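K.L.:
Before anything else, here's the structure in question.
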Amino acid sequence: MKTLLLTLVVVTIVCLDLGDSLICYMGPKTPRTCPPGENLCYTKTWCDAFCSIRGRRVDLGCAATCPTAKPGVDITCCSTDKCNPHPAHQSR
């Protein structure tokens, strides 16, 4: 009986731990599991001095809170697995 109870406890802990792991894109085709406590994916886009040549810069990643937008910087946040694909790789 104790073995069954211990097994159930271990299975419960493993299942709860897996449920908290969010997967976000860190690059155009690079999904990674976020560290504990970082439960949001973000996409940050902006223009720099070379925007007319190479287009908008893109930063993807995980965050505990949605980063604060600054003038000229667009940020979107989401909370489901792989919800922040690189804008160039989104299906149309």
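Here the Cβ of each residue, glycine as well, is placed from N, Cα and C on the backbone.
What Swiss-Prot records for this protein is below:
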type     : residues : note
SIGNAL   : 1-21     : signal peptide
DISULFID : C24-C41  : disulfide bond
DISULFID : C34-C62  : disulfide bond
DISULFID : C47-C51  : disulfide bond
DISULFID : C66-C77  : disulfide bond
DISULFID : C78-C83  : disulfide bond
K.L.:
How far is it from C47 (disulfide bond) to C41 (disulfide bond), counting Cα to Cα, in Å?
P.N.:
21
K.L.:
Tell me the Cα distance separating C24 (disulfide bond) from C34 (disulfide bond), rounded to the nearest angstrom.
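P.N.:
With the alpha carbons as reference points, the distance is 7 Å.
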K.L.:
What is the Cβ neighbour count of C62 (disulfide bond) at a 10 Å cut-off, with all protein chains included?
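P.N.:
Summing over all protein chains shown, C62 (disulfide bond) has 20 other Cβ atoms within 10 Å.
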K.L.:
Please identify which of C24, C47, C66, C77 has the densest Cβ environment, defined as other Cβ atoms within 10 Å, among these disulfide-bonded residues.
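P.N.:
Its Cβ has the most other Cβ atoms within 10 Å: C24.
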K.L.:
What's the most sparsely packed of the disulfide-bonded residues C41, C51, C78, C83, counting other C-beta atoms within 10 A?
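P.N.:
With the disulfide-bonded residues C41, C51, C78, C83, fewest surrounding Cβ atoms within 10 Å: C51.
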K.L.:
Given C78 (disulfide bond) and C41 (disulfide bond), what distance in Å do their CA atoms have, once rounded to a whole number?
P.N.:
5
K.L.:
In Å, rounded, how far does the Cα of C41 (disulfide bond) sit from the Cα of C62 (disulfide bond)?
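P.N.:
Per the Cα atoms, C41 (disulfide bond) and C62 (disulfide bond) stand 5 Å apart.
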K.L.:
Spatially, which candidate from the disulfide-bonded residues C24, C77, C83 is nearest to C51 (disulfide bond), comparing Cα atoms?
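P.N.:
Given the candidates C24, C77, C83, the nearest one is C77.
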K.L.:
Just to verify a number: CA distance, C83 (disulfide bond) to C62 (disulfide bond), in angstrom, no decimals.
P.N.:
11
K.L.:
At the level of the C-alpha atoms, what whole-angstrom distance separates C77 (disulfide bond) and C62 (disulfide bond)?
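P.N.:
A Cα-Cα distance of 9 Å.
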K.L.:
Return the count of C-beta atoms lying within 10 angstroms of the C-beta of C34 (disulfide bond), excluding that atom itself.
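P.N.:
A count of 20.
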K.L.:
Roughly how many angstrom lie between the C-alpha atoms of C62 (disulfide bond) and C24 (disulfide bond)?
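P.N.:
Rounded to a whole number, the Cα-Cα distance is 6 Å.
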